[in-house]
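Asker: Sharing the feature lines straight out of TrEMBL:
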| type | residues | note |
| --- | --- | --- |
| DOMAIN | 94-191 | domain 'Aminopeptidase N-like N-terminal' |
| DOMAIN | 231-444 | domain 'Peptidase M1 membrane alanine aminopeptidase' |
| DOMAIN | 449-543 | domain 'Peptidase M1 alanyl aminopeptidase Ig-like fold' |
| DOMAIN | 548-862 | domain 'Peptidase M1 alanyl aminopeptidase C-terminal' |
Amino acid sequence: MDVIATASPAPTTIHRADYRPPDWLVPEIALEFDLAPAATRVRATLSVTRNGAHDRPLRLDGDALTPLSVTVDGAPVSWEMDGGDLVLALGGDAHSITTEVELSPETNTQLMGLYASGGLLCTQCEAEGFRRITFFPDRPDVLARYSVRMTADKARFPILLANGDPVGSGNLDDGRHWAEWNDPFPKPSYLFALVAGDLVANRSTFVTRSGREVQLGIWVRAADLPKTDHALQALETSMRWDEQVYGREYDLDVFNIVAVDDFNFGAMENKGLNIFNSRYILADPDTATDYDYDGIAAVVAHEYFHNWSGNRVTCRDWFQLSLKEGFTVYRDQSFSADQGSPAVKRIEDVRGLRAAQFPEDAGPLAHPIRPDSYMEISNFYTATIYNKGAEVIRMMATLLGAQKFRAGTDLYFDRFDGTAATCEDFVASMEEAGDTDLSQFRRWYSQAGTPRVTASISHEQGSGRALLTLAQAVPPTPGQPDKAPMVLPLKLRLFGSETGAPLGPERLVVLSDARAEVVFEGVSERPLLSINRGFSAPVIVETDRSAADLAFLSAHDDDPFARYEAMQQLMLDTLVAAVATGRGDHAAVIAAVKNTLTDAKLDHAFIAEAVLLPSESFVGDQMGVVDPDAIFRAREALRRDLGQRLESEWRAAYDATRAGAFAYTPAAKGDRRLKTVALGYIAAGGASDAAHLAFRQFEAADNMTDRQGALVTLTSGTSDERVAALDIFYNRYADNPLVLDKWFQVQALSSRDDALAAVEELARHKDFTLANPNRARALVGAFGVNQRAFHDLSGRGYRFLADQLIALDKLNPQTAAKLLPPLGRWKRFDVARAALMKAELHRILATPGLSKDMFEQASKSLD
Ligand code: PHE
Ligand code: ZN
């Protein structure tokens, strides 16, 4: 174990086992904001009641607040500060507490609490931002009814929004005006929000299934109004979907969404007033890709669904975060699947899980979906909590079946409405409504690490019996050396190796022991195993299937997801072997890709996903010691071979998909996707006209999907058109920050030899700033996943990331800490790289004034 030199004392660790109910409750709070960018006054009046018999003082969380005055029941009192908290010793059981503080939103670079963004004033309170606005028991199990009064300069801030329903507004002298909002639903402080600014709304009226009218508004700057139709439509579709699929109706008279440019995450589900990163609202064909359009619909749905899974039923404490996030991701994934192709959606979600969550689960920051401890809760908004959390909900849905699952969610919502619940409450509801025992299944909440399943099948020709042997193991993770077997719902089916016909129906095998055997009867030919169909369990499956068997399954499996998986496994096996031997045997992959590419029965979106090679990092995840250069070479060689050997097929696919005018339909999206994938292969094959083709696509495009697709291909190449396209793109979109993000990101992901130098240069570009999280992620975040460039043997990539993180930590620790994990993967690399990575982690830790966020990520990454 390394000795870690740090500049500051280690922050304290919070443990789940230490949970205690709140000492004091706050049934009501009245807030008055006198808003101005440089100095905002906040006056809060809390009605507090003692919770149970105890004599502990009232402790109100505060972060960087100085009380200007404190009164109890109208009388000024003396108070005590403990760190940032305000502590009041109180006799009696019920009081009215008033505090006053002053804030400076325009200097709030953390983007937590009340801050300024693009001329607006807005708030972000999850998880612990409310304590940066006023003194309050800032924990999710203290639910209060909020009334909010705002006053502000009318010319600069003509629109004043807060949670709940508007109850009054008026003008004051001196050019100021006021507005009052009341939220009738008791809520935790993390759901508080207000927005003040010069905004216009795209409006609509939604009639709920019980006939109530809801006024919808998507609020943006006037110039952005034409880019809000897609988000508004997604909102209406989500509202209807939640009524139909979960029986959940909206409950206030208004639902507002505001788009802001500076935001730490994707969006926030504040009650009745969602606040969004503008990248998840603004779209038109000229500036947003199909991927952006899909992301907008998914995030709008996600935040809307939180109104029930998160707001009406909230979390008891932050260890239960996956209760709202895992469930809500599952809900938004199901929603998106229902809007387009479920198979393609599943492929995208699994690819995301493998890119972000599997590495997390295999690294130093691994944690269960319900963690046992944290230093800084902001660090736990992870792929594990969100995406693995969603997989755990999905497994319960699979185990129970649709009807019982719905009965379980109904019971959960009814029983816990208006309360702060736990993951255990959710599982118990499923158990009760589903009449199922989930005791062992609960291990998914407590054990970290991705289970590994091995499967092998043997066949007796004479008896027609096949025997499937399954085994599982969960790897050790930090703090959890020994693991018990998990409950793994595995959908499987056998196919004949000669006929390709299914040998019997699909079966759901629930593997709950370390080993199990499954017998199949009536198996008339050698069977091929299709396993974990639809990715029914979030596990790694190892089989002894040959390249030929995988190729055969990729053509004959009746589950499109399983076909994709067979192809991926074949590509992965081929690449891993090529890295090991230095020479690739590409024949099976080329034949399988050709087959899929030319199968007229398949839709283009599916083909495009199926023929893509696994990412360099995913190949690395299969290896004991990652060799980024060898992986890059092996993958490029396979891409080149595929490009050359199937050149006429790629060209045919490219020509067949030249769609007409832009339409956002599943078929047109699939066409565009396949077109750009084909272009990439034509270029990889080295065709002499590839750059010309790409540039023509770039120039002729009537939509961002085609334009960016062509730019990606050009950017990784060496043609003259490359520089021209980057310049044209930059000049065309110089005043559109969301599109400029793409310009930075495309270059940060480039596979050129000079990618690292280019990224260092881009960090000095006049349009680069760490102050905007989207921009920081577009360059620094994207670079961290460019495996070859980041892991440059010189160590310059590591130094670059550490430099940026140290600088960003001073402005915005939350966003900085999220970008650190690539440096923590040193155990998976050779000793030279590992030493360089560790040195940067040590350098980060030795930085004076390091945030708690960064300390936790960096110190855990060294363990
Ligand atoms: N709760 C938000 C969501 O997933 C995410 C978020 C967390 C946003 C913290 C801001 C701050 O929907
Ligand atoms: Zn969420």
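Glycine too: its Cβ is placed from the backbone N, Cα and C atoms.
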Asker: Can you tell me which of 231-444, 449-543, 548-862 gets the most C-beta pairs within less than 8 Å of the domain 'Aminopeptidase N-like N-terminal' (94-191)?
Answerer: 231-444
Asker: For the domain 'Aminopeptidase N-like N-terminal' (94-191), how many residues does DSSP put in helix, in strand and in coil?
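Answerer: Output for the domain 'Aminopeptidase N-like N-terminal' (94-191) reads 9 helix, 54 strand, 35 coil.
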Asker: Give the residue counts of the domain 'Peptidase M1 alanyl aminopeptidase Ig-like fold' (449-543) per reduced DSSP state, in the order helix, strand, coil.
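Answerer: Looking at the domain 'Peptidase M1 alanyl aminopeptidase Ig-like fold' (449-543) with DSSP, the answer is 3 helix, 50 strand, 42 coil.
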Asker: Can you work out the mean pLDDT of the predicted model over the domain 'Peptidase M1 alanyl aminopeptidase C-terminal' (548-862)?
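Answerer: Mean pLDDT for the domain 'Peptidase M1 alanyl aminopeptidase C-terminal' (548-862): 97.
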